[in-house]
């Protein structure tokens, strides 16, 4: 039959329909793995730097080799979308079996019945491999809901040329010789006097969810924000006042830029990268990028101490969702991911810190700037179980908001210390009560 | 016998007409049904769901607990909610008239004989094609108070740097300026279309009667782009009430809630703090404000249908 206009248009429409549907997102994505089948597969969702993702892939590969027939499907997503995706999947009832979670977010999931209690599935004595502070960070109500995969903590990263221009020629080389708060304040004042007005001595990495790093100053004074019961607010105390007064002075005395406050979208590391500040607090995860991109010579030293040294228990845990299809396989996977060889390989290549006691005792060497490893490992040893256990509170996401609002008011809003502590105390009380 | 054949066709025509009308109506409803289903599933159901959530205390996991109007009574005493509302209203009151006025001004210029006007139009319309987040990231490059282009420029000509992140007023201004850059092109485009529908004979007659350029603009141009203004006013207000991505990326509500707007506040409560009931209540209030404005504008506009 002759091809007339009507038939031609119909044929053209039929040919273009797949393209239209693909444009609407109906086409199967070639980049996603096929749907996991059966119960011998674990779905694992995480974000990560290139080094971290490479470490995960390597560990998964060795796990699959050691467990023929088992498969781990890795789903790598950008950090910004990670937890809105996870929350949506949990609410919809189709979460991954395993996902990665920061310690300060862990409590929100564990405390609300979303995670698998690993106790029945892990071998006796499993927890002995970890440091007490690491194991405390994955507990809720006395039960283990995850495994501490790695940690990180903040030390001082410094620009050597800017320090020398301020007359500072040496930095502490051991944890117990770290600058005291008084020495640190004196150092900052010296730098303030010597540096031009548009440059600053320091930037602190307490932006956004990193506001938990302010708690390190509280811990350095032997203070707490939650009492032993992990519900009663404990921040309105002499130690709280000491920590808040000290950190407020960073803004009052122009030791830090005004846009270094907790709600700023400008990260501390960016202030340091741009040489606006001579020093910044930063974690080991910054080492690969810093080494690759910075044009100035830089080093690392220990955070200052007050009554004691302390640090933030950063880093991430691996957790399983309550609905994980094969808990025994998940437990095996977690055991594999936290064995000594795997943890060492992961942490050394990604510039992160181990949570195993034996690795911390022996020390590790980062692939990039290995001579900096002892500074970070040493600083991490100053974190105590009583510190990380507080940050594992299920109310932590609300407490973070309370800290952000009140520290911002104190740092750049002129709110006095007593009012800020009182407001934080009542805010924390409301958070743990709800 | 001759009368009988004439009577037969009449009932057939009437029956056919009624059947045809019904058939056409059915066809119309059938064609519009897919759109109505989409609207129902993606707008109405989520809307009702959000209203229900706003009466609950829930973090989104499992079923929430109904607490009546507790989320709304909490709103009334929440200083950050009122600050966010005030910021949203202020942002709207500033951005809407400025973007419309600038858009109309540029449209009038580009509607005349001008060398390379196509190029100018393209340059002005280009920001509209960029996503909000990309626009905000460009804003960060310009307004960063330590390494941004603008402060470096100011200092190079001897002017003091502005604290675009740590000063509340300056932070708010930076968000307004970036939004204007993004929105003016769209306003210009709509006004350009409106201007081209105005009969040139009106201007010719006005000139013959001695009207100057300003009078021509004031008495002919402005009233006759009434339909465009009506459309743009609603669109700009609704957009400004829902501003999120530029604030989120550039300032995230800081410093000290100086740039917190209702949607960033709702987002932070719903997805950062995990208090979804409260976030839904904020969303419902925002919806009511938007509906109220739209209804008021619809009822009060006198020039929306003015045409020549």
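Cβ atoms are placed via backbone N, Cα and C, with glycine included.
The transmembrane segment annotation in TrEMBL falls on one of the ranges B:89-110, B:243-264, namely B:89-110. Among the residue ranges B:122-143, B:188-209, the one that TrEMBL annotates as transmembrane segment is B:122-143. Within its own chain, the transmembrane segment (B:89-110) is flanked in space by residues 117, 120-121, 124, 172, 175-176, 179-180, 183-192, 194-195, 217, 221-222, 225, 229, 232-233, 236-237, 240-241, 243, 261, which lie at least six positions past its ends and keep a Cβ under 8 Å from the stretch. As a quick check, the transmembrane segment (B:26-52) and the transmembrane segment (B:217-241) miss the bar of 3 or more Cβ pairs under 8 A, pairs 6 or more apart, so the two do not touch. Away from its own ends, the transmembrane segment (B:217-241) comes close to residues 88, 91-92, 95-96, 99-100, 103-104, 108, 179, 183, 187, 190-191, 193-195, 197-198, 202-203, 206, 211, 262, 286, 289-290, 293-294, 297, 301-308 of its chain (Cβ-Cβ under 8 Å, at least six residues beyond either end). Contact check: the transmembrane segment (B:163-182) against the transmembrane segment (B:277-296) gives fewer than three Cβ pairs closer than 8 Å, residues 6 or more apart, which falls short of the contact criterion. A Cβ distance under 8 Å defines the sequence-distant neighbours of the transmembrane segment (B:122-143), meaning residues of its chain 6+ beyond its ends; these are 106, 110, 149-151, 164-165, 174-175, 177-178, 181-186, 188-189, 244-246, 248-250.
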